[in-house]
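Data block below; observations after.
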Amino acid sequence: MNSFGIKFKISTFGESHGVAIGCLLDGVPAGLLIDEEFIQAELDRRKPGKSEFETARKEDDKVEILSGVFEGKSTGTPIAMIIYNTNQKSKDYSNIKDIFRPGHADFTYFHKYGLRDYRGGGRSSARETAARVAGGAVAKLMLKELGIEVQSGICEVDGIKSLEFDYESAKKSIIYALDSTKEEAQKEAILRAKNEHDSVGGVSRVLIKGVPVGLGQPLYYKMDAVLADAMMGINAVKAVEIGDGILSASLKGSINNDAIRADGFVTNHSGGILGGISNGEDIVMNVYFKPTPSIFKEQQTITCRDEEVDFSLKGRHDPCVAIRGTIVCEAMAALVIADMLLLNMGSEMSGVLTYYKK
C-alpha cells in the first residue's frame, strides 16, 4: 500500500533516483491556513547533506504545491505536493545491479515483484520519507489550530542513552540530541562508525502534547496500534514503545497503574493511552532504528542468480539513519493525530448536532 490514514489520508509516490517524489493529501478540511514557509522549514529539518553526521547527498528538497490550495488556504480538495530530485548519482549503484545488499529490501522486492530499481533502493529508499514530512507538516498546521504539538529528539545513539529529555535543546542540536550532556559522546560514536565505514543505530523519542481525551477506536483502530503502525512503516524502524513499553513487563501492577486524582493522572506509565484511546496526558513513544544497512565494509551476499559473492558498496549514506528519521517520526505522528481527530467528530451525537444543527 502507498496510502496511510482513513479520513486524513496521505499517498506518496516516487523513487530515490527518479525525477521526483511527492504526496497527495486527501481529507484536509477546507479553510486551513497553509503556511508554505513552515512546510519548507519542516523539510529542511529532514533534508540530507547538512552536516558530517548525515549522508553527503545534497538535495534542496524544495516543495511545490500543485493543487488544493487557493489564496493561502486549503480548498477541501486533494493537496498535491512535489519535490524534485536534483542530486542523484545512479552510477554509484551500477556494481550492485544484480546483487542483493544485506540489510536492504533488495532481496524481498526482487522476489515479490520479479524486478527492482537498484538505483539507491528505488521506492524502498528513505528518500521517499521527504514526501511524508511534507504531508506531516500540513497535519501539524491543523493540529496547531487545536493547541496540539508534536516534538521529538534523539534519546540514544549506539547505546549511549539520554538521562534527560529537553525538546527545546534538541531543536538546536545538529543531531537533535535530547540530552546536551550526552551529545558529544553520541556525535563521536557516529563519526567513529563513519570513519570505520560502518554505521550505528539510534532511538527517537516522540512527545505529543495537548491531545484531547477520547481519540482512538476501542478495538481495531486503537491509538497506540495506529501510531505503532505509522512508526513501523518508516525505513529502518525495528521496534516501538508506548509509554514505559518493555519496562512495563517487569513492573508490578501497583507501580505500573497510573493513579487518578481530581486534577488528573499522577504518573504517565501508559504514555497517554488507555484501552487504545487517548487519556489526555502526553503521548510518549520511543522509536528504535537499526544501524543504516548501507555500509562500506566488504560483505557477503548473493546475486539474483544465486551466485555467492563478496562486494563493497559505493554511494552516499547516513552513518546513523535515526538522526533524520526522528523528523519522519514527528510527521507520521502528526498524520495519525489529524486522522484520529476527524474520525472522532462523529463518535457522539452531540458532535453531529453541533456541526449540523445550526
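Here the Cβ of each residue, glycine as well, is placed from N, Cα and C on the backbone.
In the record from Swiss-Prot, residues Arg123, Ser124, Ser125, Asn235, Ala236, Gly275, Lys290, Pro291, Thr292, Pro293, Ser294 bind FMN; the candidate from Arg205, Arg261, Arg316 listed for the same site is Arg316. Site extent for FMN: the farthest pair of Cα atoms among Arg123, Ser124, Ser125, Asn235, Ala236, Gly275, Lys290, Pro291, Thr292, Pro293, Ser294, Arg316 sits 44 Å apart. Between the CA atoms of Lys290 (FMN binding site) and Arg46 (NADP(+) binding site) there is a gap of 18 Å.
Non-local contacts of Thr292 (FMN binding site) by the CB criterion (under 8 A, 6+ apart in sequence, same chain) comprise Ser199, Ala236, His317, Asp318, Pro319, Cys320, Val321.
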